[in-house]
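Working notes, beginning with the structure itself.
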Amino acid sequence: MMRFLAGRLTGLFITLSVSSFVVFGALYLAPGSPESVLLGNSTPTPERRAAIREQYGLDDPFMARYLHWLGDILHGDLGTSFVGNQPVSGRIGAVFDTTLYLVGVTAVLIAAIGLGLGLLAALRPGRIDALVSTVTAVVAGVPAFVAASVGISVFAVRLDWFPAYGAGGEGFLGRLHGMVLPALSLALIASALLARVTRAAVRAELDKEYTQTARARGIPGRLIVVRHVLPNAAPPIVTVGGLLVAALFAGTVVVENAFGLPGMGSLLIGSVNQKDFPTVQAVTLLMVTAFVLANLVVDITQQLLDPRLRQGGTA
Amino acid sequence: MTLTQPSLTAVESAPSRANAAGRRLRNRLGATGLVALCWIALMIGCAALAPVIAPHDPNAQDLLHVYAAPGGDHLLGTDGTGRDILSRLIWGARTSLVGPALVVLLSLVVGLPLALAAAWRGGWLDAVVGRFLDIVFSLPAILVAVLAVAVFRPGPAPAILALAVAYLPYVARVARSAALRQRAMPYVAALTVQGHGGVAICARHLLPNITPVVGAQIPIAFANALMDLAALSFLGLAVQSPQADWGVLVNDAQAVLQGHSSQVVYAGVLIIATVVALMLIGDRLGGDIRRRRVRRAPQPTGRTP
């Protein structure tokens, strides 16, 4: 287990180093000088240009600049946004919770819908299974932005059940009300994929001989499923479910913009349009970090769930 | 593996071989798979023949007939500036299909040689390529594209290039592991002993033999690229607004808020149908390979009670 952890942490370190390098270096790939990207659309005075070069240390060697930037980030200084000259960390702090809330609600929906439909299909072969399989095959092809637009037109405009735009009302329930459509749109594909994986994993365990033996011994079907089949089917389900939830951090970009939710995704696209490069860098890096960390958690959980992987020690 | 060893089979005339390939494809796809294939062919046809079959100019505005109802001159009605929705959907097939095709093509052109070289050489090259693919795999494709658009400019070219990079691992990882399996087969050793060079073996034997496995990945990668690119166009980062694109057409918040959602629904349905069809085809192609491998494994006959 220790060797596995050490290996994964090294991998994490390398991945985060490379992605931070890419996020930082991207600025220098841009056509034109870096300060013109940093200055955005404005035409600067020579003094402003010099101030920018000074502020970002553009006259230092590239690696020195990168390490300086990285050091600042590790100390919690994410740079200064061009919008109102505020610290980027403050702008992110103001919208961070909306994204976390959205990811949380979506994860609950994915678990409930995905596991529910998957179990239903696995335990009820025949017509129900065929129906669930067809539905999940179609839903797996419904992108979040299509679901969002159609959802707004049906449930917000026609039926007026939910707000079409913005973060919803006050308090926990008010916010939840505003999150229903965005979270559902974001959850569709992931729920369908999780349902298929759950169905396959549970079905595979049901077909094994120990299940038949247990059934032959007269153990009630429900008990077999809960006590034996589910724990054995859990590892692939948890892995896929975790990876799908990890991917949500990037998925929020689309949904938040479709619904005008003030979260990290809206901040990111807004910053791209305003050419606010420091904010783009910080948000991208945070989202990648969240994604990579969530993947690590999934890996570790998988090890804890499946003793066979632990004994193998080949990770 | 049984699919492509043409050099070992007896001489076969070209047309009969083509027939056999067609039959195999039909068997692998099944009835629903064939329907999916027909849908894809229809979409490609629309994209290719857009100038011929589109009833109107997709960008011609007609401010006297705003939000016209379906029927008559405009089969699917018009949008908020009186543009013909059907024509915009047909023209939209072009950008919506060409973009993902470029993404997949670019990632294949770079990814396949990379995967073959890594599998053939092994050692440090394989370790570096493997690690590189792992890292790229851990970057969400949409974020890579957003970063590229932020650096360059909003438009299809940066988005397509960025997605091609992000999609490298999808193809290359599968190709690498399949190539590693082939590399361990006796026929490769036999060819090496006969004095064939590494590049020739890779190009003439490994590549054809990993094609079924990689081929099953292509429709799935295409479907994902279609969804990602359409999402980027929806966000206004790839294809830009006056141009017709399915992703752009879904982003018509103004019409939706005024209760005119037909264009959004049509474009959404086209995206969903195309994605589902592609995934179904990929599933069938890949599933057949899996089933065959299972069938070939030694299995006890009959069920033990």
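Even glycines carry a Cβ here, placed using N, Cα and C.
Please treat TrEMBL annotations as automatic predictions, because they have not gone through curation.
Residues or ranges marked as domain 'ABC transmembrane type-1' by TrEMBL: A:96-298.
Tertiary proximity for the transmembrane segment (A:12-30) is limited to same-chain residues at least six positions away from its ends with a CB under 8 Å from its CB atoms, namely 37-38, 62, 65-66, 69-70, 73, 277, 281, 284-285, 288-289, 292-293, 296. Summarising the annotation, TrEMBL assigns transmembrane segment to A:12-30 (among others).
Same-chain residues lying 6 or more positions outside the transmembrane segment (A:100-123) and placing a CB less than 8 Å from one of its CB atoms are 129, 132-133, 135-136, 175-176, 179, 182-184, 186-187, 190-199, 202-203, 206, 225, 237, 241, 244-245, 248-249, 252, 255-256, 261, 263. The transmembrane segment annotation in TrEMBL covers A:100-123 (among others).
Residues 117-118, 120-121, 162-164, 181-182, 184-186, 188-189, 191-193, 195-196, 199, 251, 254-255, 258-259 of the same chain, all 6+ positions outside the transmembrane segment (A:130-156), place their C-beta atoms under 8 angstroms from a C-beta of that stretch. Per TrEMBL, the feature transmembrane segment maps to A:130-156 (among others).
According to TrEMBL, the feature transmembrane segment maps to A:176-195 (among others).
Annotation comment: TrEMBL describes A:237-259 (among others) as transmembrane segment.
The feature transmembrane segment is assigned by TrEMBL to A:279-298 (among others). Sequence-distant neighbours of the transmembrane segment (A:279-298) (same chain, 6+ residues past either end, Cβ-Cβ under 8 Å): 8-9, 12, 15-16, 19-20, 23-24, 26-27, 73, 78-79, 81-83, 88-89, 91-92, 238-239, 242-243, 245-247, 249-250, 253, 264, 267-268, 271-272.
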